[in-house]
Amino acid sequence: MAEEEGAVIELRQRKKPKSSENKESAKEEKINDTPIPERAPKYVLFQRFAKIFIGCLAAVTSGMMYALYLSAYHERKFWFSNRQELEREITFQGDSAIYYSYYKDMLKAPSFERGVYELTHNNKTVSLKTINAVQQMSLYPELIASVLYQATGSNEIIEPVYFYIGIVFGLQGIYVTALFVTSWLMSGTWLAGMLTVAWFIINRVDTTRIEYSIPLRENWALPYFACQVAALTGYLKSNLNTYGERFCYLLMSASTYTFMMMWEYSHYLLFLQAISLFLLDSFSLEQSDKVHEVYKIYIFSLFLGYLLQFENSALLVSPLLSLVVALMLAKCLQVKKGTFIAKIMKVINFYLVCTLTVTLNIIMKMFVPHKEHGHMLKFLEVKFGLNMTKNFTMNWLLCQESLQAPSRAFFLRLTQSSVLPFYTLVLIICFFSMLQVIFRRINGKSLKETVTLEDGRIGERPEIIYHVIHTILLGSLAMVIEGLKYLWTPYVCMLAAFGVCSPELWMTLFKWLRLRTVHPVLLALILSMAVPTIIGLSLWKEFFPRLMTELTELQEFYDPDTVELMTWIKRQAPVAAVFAGSPQLMGAIKLCTGWMVTSLPLYNDDDLLKRNENIYQIYSKRSAEDIYKILTSYKTNYLIVEDAICNEVGTTRGCRVKDLLDIANGHVVCEEGDKLTYSKYGRFCHEQSLHFKDLYHLQQNAIFFNLCGIFGNQSMDI
């Protein structure tokens, strides 16, 4: 009976195919219908298990090796283990010093509850100002690190600083592992993951800022975002089973919320991701149900974050919430697919979502009390040439290298490592394949449920299209502001590695070229193995010796002047003293001494930005009386003037602090028609430095300049 049924099936298969492709598929079905030995499924299962096991082992090993590499490089760069505690703390620069100082405060607190209370009602950091440091500076990483340090009993095994940077390096290992897995899921081979890691490490100057500033919020947050992207990639795959789908959903939920808690700007990055998913859903490239499940994760994370971040109103007025709510409302107007009305409703739906998003965001900002970051909007206006300003803060931000357009050196580095050319090739093929799918849908042609290698339609895979749209959005931002390259470049490495290792991508290219001389499937399989192997060998030959040299070469970080300054403050300055100076130096003073300062190197608060501008007036052409009034308004006892700023000559003219102050104060002509205001006073830092040239004695309630070499050795009484 079974043989008769098999014969009927075989007969039907012979009648159905009319083309060579159908014949091949019929033969495959015939082969699949033939009796299989009992132990064949076990062999296939073992083969799959071995493939997954080796891939997971390679992913975890890559992450661990990268974390160990960062630790070894950090030790060689700063001689960290041979330094005293004060010298180690000086290596934390700018805002990194502020973050680590609060980690120290938590460890010094008598209890966790008391430590959190002191941070949320902090009046010992900035003079005349009480701040909720946990909310304003997103100090959840420091809270978690302090709890783990004390709960695990690590205080008896390892020093606090090593535990802190060890967690960050470990997260970077998770970051690399997540990129590995994402590329593996997209290409089907863990060889793509290995190539992703290689490109990431080689281009680490452009993929991460971990070498320059360890405690940055992005170094804590982006690993979770990479995990979320990996889970989303798996979740969007069409051939995912139920258990895999549930696992990806849970991982995506946990990583989305954690990412949102770690970084105050996380909701903007998730907003770009939501736009990518919206476009994916609009093109009907994936079931709407999956995409809308992701929207629910966004809403849950936003409201849970709002409650646990001290009712952070920034999350309620974020564009992410407005977009997601608009998408959920627009779903109610969707019409059954396949009709002419449905196509018209798609266009209306797109317009409706855009309109609702803007409208809801405006309404939320009208009714929800929130702190408007006006300087961000003004900066964007000036950045894109929509406005002109003489404001010191705006011009100072525009002069920062990280906020300018990418330099040629950036593109040259990516080209030399070969990642940019291959990324461009992969992006072009995937993008045009995506366009083919869109036009096919517009013409009413249905998509295949399962895309095979012979089809050569990589643009029909929803996870690929999501990554194409997402990388285009991130790349567009990176082309405007260089600091955003750290969001884009890791996914450049991942997408390029996926493409060169994917037979489907090569098959798509061969379909367009109508290759006849060689069997396209065979050639695609060969290239998907040969090209990454050649790339890997060339990278090994050229860059591996450089990486080894970095680990063997001892670098010197020695700053005795700063050490002497911090030592003097701790020994001589009164406990209630308030220090004023450049924001970067104030961060170091807060960390190394614990004394109160007038400003901080943070640029998300309008009041702190105004304080920075006022303190910087010590480098302007204003009278001593004006400077005295500014300093006393912040209860300043000590002022530190840096020669590096006062006599600055290295940076581009017009971007030096003193030049920007002269423009803001009207002491130079900025535009045609502006009046030139002559100041009868010399530059304050120059005048006082000359006047107190021979003084070295430091007195209580004194202003001192250029202390200990780079900070000066003069003083004056207020």
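One-based numbering along the chain as shown.
Just so it is clear, glycine is given a Cβ too, placed from its N, Cα and C backbone atoms.
So that you can see what the record holds, here are the features copied from TrEMBL:
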COMPBIAS  18-32  compositional bias 'Basic and acidic residues'
REGION    1-33  region 'Disordered'
TRANSMEM  52-73  transmembrane segment
TRANSMEM  161-178  transmembrane segment
TRANSMEM  184-202  transmembrane segment
TRANSMEM  268-285  transmembrane segment
TRANSMEM  297-330  transmembrane segment
TRANSMEM  350-368  transmembrane segment
TRANSMEM  420-439  transmembrane segment
TRANSMEM  464-481  transmembrane segment
TRANSMEM  487-509  transmembrane segment
TRANSMEM  521-540  transmembrane segment
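Sequence-remote contacts of a segment are chain residues at least 6 beyond its ends whose Cβ falls under 8 Å from one of its Cβ atoms, and for the transmembrane segment (464-481) they are 186, 232-233, 236, 272-273, 275-277, 279-280, 283, 285, 383, 402-406, 427, 430-431, 434, 437, 458, 487-489, 491-492, 495. Within its own chain, the transmembrane segment (420-439) is flanked in space by residues 283, 285, 411, 414, 447, 457-460, 464-465, 468, 471-472, 492-493, 495-496, 498-500, 505, 508-509, 535, which lie at least six positions past its ends and keep a Cβ under 8 Å from the stretch.
Among the recorded stretches 52-73, 268-285, 297-330, 521-540, the one sharing the largest number of Cβ pairs closer than 8 Å with the transmembrane segment (487-509) is 521-540. Sequence-distant contacts of the transmembrane segment (297-330), counting only residues of its own chain at least 6 positions beyond either end whose CB sits under 8 Å from a CB of the stretch, comprise 120, 132, 134-135, 249, 252-253, 256-257, 260-261, 264, 267-268, 270-271, 274-275, 278, 349, 352-353, 356-358, 360-361, 364-365, 368-371. Taking Cβ pairs closer than 8 Å, the transmembrane segment (184-202) reaches residues 51, 54-55, 58-59, 62, 66, 69, 176, 230, 233-234, 237, 417, 419, 463-464, 467, 490, 493-494, 496-502, 528-529, 532-533, 535-536, 539, 543, 547 in its own chain, all 6 or more past its ends.
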